[in-house]
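**Q** I'd like to ask you about the structure that follows.
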Amino acid sequence: MKAIGKKQSVLPGFGPSLGYTVFYLSFVVLIPLSALVFKTASLSWSEFLAAVTAPRVLASYRVTFGASLLAAAVNGIFGVLVAWVLVRYRFPGKKLIDALVDLPFALPTAVAGITLSSVYAANGWVGRYLEPRGVKVAFTPLGILVAMIFIGLPFVVRTVQPVLEELDHEIEEAASCLGANRWQTFHRILFPTMLPAILTGFALAFARAVGEYGSIIFIAGNMPMVSEITPLLIITKLEQYDYAGATAIASVMLLASFLLLLAINLLQKWSRRHAEQ
Amino acid sequence: MSITVSNVSKSFGDFHALKGIDLEVPSGELVALLGPSGCGKTTLLRIIAGLETPDTGNILFNGEEATNRHVRDRQVGFVFQHYALFRHMTVFDNIAFGLTVRPKKTRPSKKEIREKVHTLLKLIQVEQMADRYPAQLSGGQRQRVALARALAVEPQVLLLDEPFGALDAKVRLELRRWLRRLHDEIHVTSVFVTHDQEEALEVADRIVVMNQGKIEQQGTPSEVYDRPATPFVFDFLGNVNLFQGRVHEGTAKMGGLVVETPEHAGTRNAPAVGYVRSHDIEIERIPFDTASLAAQVHGVVTVGPLVRVDLKLPGNVEGIEVDLSRDVADRLDLKVGELVYARPRKVRVFTDDYVI
């Protein structure tokens, strides 16, 4: 680091900008997170274990992480499809659809939640056709999944889109000249090229789903043990002035998310091993 | 396998890329499609490969109709200017790709594929790099891998689109000689596209010069260079000087330059242009004969083995360029501003119905 600082650089101000970066990250990210850990530390080990492994809490982990993974996977498939269509084809209204993809980013989550639950409720536009067929979406874990898919979609589309746009048409022509059919070209050439971006999109969609609160609580039904997500449980604990319990659960979520993101990052690194050096 | 292109036209919107092209590529030949950018040469190559479909006309392989045959089934090897290697695959997997995508029935065994790839790696002289990724190779190595990948499927025809265009000068020179030697070994019918006349002259058995969607001339390198059929070909292959004038009953008078042109014996007082290559002009201090032109030295630049002399002639606004060898230039020791005499050795006169 010293060497970089000492060398005459075309971009001056390495020292101050690094200092600023570290300060900013500490202020915005690290301090709140460490407060979380300190607050949790006020519990004894056995109290901590009891708080984070209560059956109701365990059930909420299952719902949150399970639904998040599933939602991210669904987005991983359909988000790629949307990106593919937006990049590869020209059709009227393409710009509009392209803009619509960003809507879940911009919409206040509570609005999304209320809208989704009214659409999927027994008397809603979609719900009235699903419910007679025995598919209950609103106020069930399925509703959680729907909300998570809704908010996660742009992440996959927006990470895969630029990669697809950059993809050289000649690569496909080369594969075709070598005798590969469309399917072989897709699964041996195109898919591996997109995979790092898909994984990034998956990770982002997953992280967003795990942390989502606003849109889910409206559609989830929030039944303990069945459709109660962990963030809601944390709020419940806070409302009961159980700050230590809330932070204990929060720190478990933090750890789990961190580990999952780490795993996805490693996977990503592996999938782009060819770009190294 | 021989290739026949008959009456092929292709337009992109209002732009006519190809206008009724007829071309015959005999089996085993190495043919260069030469022309400036936008002349349609790449479009023609892509139509032969099946990557584009012609608006009219036919492509025949070995006399068999192949216009509507899919790229997959044409058995062509295509080499792209920017390599188009599969970045996420190693060199080995890139070369093996064409073999591994074959249907189970015709696919060689793993062992056969490995042997085949190693033979090709030896041929392209990158044996120790089988496990590297394209990003870890130099440009020249990447293009050789792309060539090996195309050759792995044993194509009937090898098509190369500006294969050396993205490489630096030295590598380009090395690689095109290597391509020539390779072709002498494997004799696969090959067509390559280039805008570099030197490359075409050095590598090809036959050159097809194209301009504005049409073929201007085709022939062996010495035919097109020594006997250009049109002013365009003359101008495109090598440095050329123009002398404006008129031709009347077999005699062309262009400034002070008088040339007998028996081929224009029937022409009566028509505008004409004399074409002289820059290395076909001699410079002396005393006039050789009446054909010598008085000129003033305007500039002297040494370009590697040659010395380029700019001369100003009375009545010739553009001036002319003369390439002298180093020893001739040393003997003359020309100074800027000095008066000399220039004598064109070979003049080709075209009347004005040709326009560049």
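For all residues, glycine too, the Cβ spot is worked out from N, Cα and C.
Copying in the features that TrEMBL gives for the protein in this structure:
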type	residues	note
DOMAIN	A:61-264	domain 'ABC transmembrane type-1'
TRANSMEM	A:20-38	transmembrane segment
TRANSMEM	A:59-85	transmembrane segment
TRANSMEM	A:105-126	transmembrane segment
TRANSMEM	A:138-157	transmembrane segment
TRANSMEM	A:189-209	transmembrane segment
TRANSMEM	A:216-236	transmembrane segment
TRANSMEM	A:248-267	transmembrane segment
**Q** Counting only residues 6+ away from its ends, which parts of the chain sit with a Cβ under 8 Å from the transmembrane segment (A:105-126)?
**A** 136-139, 143, 146-147, 150-151, 154, 212-219
**Q** May I ask for the residues of the chain that lie six or more residues beyond the transmembrane segment (A:216-236) and have a Cβ under 8 Å from a Cβ within it?
**A** 55-57, 59-61, 63-64, 67, 110, 113-114, 116-117, 120, 137-141, 143-144, 146-148, 246, 249-250, 253
**Q** Is the transmembrane segment (A:138-157) close to the transmembrane segment (A:248-267), in the sense of at least 3 CB pairs under 8 angstroms with a sequence gap of 6 or more?
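**A** Between the transmembrane segment (A:138-157) and the transmembrane segment (A:248-267), which are separate recorded stretches, there is no contact, as judged by 3 or more close Cβ pairs.
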**Q** State the non-local partners of the transmembrane segment (A:20-38) in its own chain: residues 6+ outside its ends, Cβ under 8 Å from one of its Cβ atoms.
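**A** Hits for the transmembrane segment (A:20-38): 247, 250-251, 254.
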**Q** Sequence-remote contacts (6 or more beyond its ends) of the transmembrane segment (A:59-85), Cβ cut-off under 8 Å?
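**A** Answer is 101, 141, 144-145, 148-149, 152-153, 155-157, 160-161, 164, 194, 198, 201-203, 205-206, 209-210, 224-233, 252-253, 256, 260.
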